[in-house]
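Below is one structure, written out as structure tokens, with a few remarks after it.
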Amino acid sequence: MARREFGKGARRCRRCGDTHGVIQKYGIMLCRQCFREVAEKMGFKKYN
């Protein structure tokens with residue numbers, strides 16, 4: 001099977017491999033669920 005080059009399937013989460021809800025901004029490349037788990041370790045602050 002050929003590697004995907006375009007579309008949502010081409011971008012995968014670095015942590016779990018999911019293709020849904022991937023955050024690409026600033027080169028994060030994590031799905032939103034994984035991002036919520038590791039955001040504080042990455043230096044993001046959580047506000048109310």
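Backbone N, Cα and C define each Cβ position, glycine as well.
Sequence annotations record features per position, and here Swiss-Prot assigns Zn(2+) binding site to CYS13, CYS16, CYS31, CYS34.
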- prompt: Which residues, in sequence order, are found in the same chain with Cβ within 8 Å of the centroid defined by the Cβ atoms of CYS13, CYS16, CYS31, CYS34 at the Zn(2+) site, excluding those residues themselves?
  reply: ARG12, ARG14, ARG15, GLY17, ASP18, VAL22, LEU30, ARG32, GLN33, PHE35
- request: Just name the most isolated of the binding-site residues CYS13, CYS16, CYS31, CYS34, going by other Cβ atoms within 10 Å of its Cβ.
  value: CYS16
Task: Using DSSP reduced to three states, classify CYS31 (Zn(2+) binding site) as helix, strand or coil.
output: strand
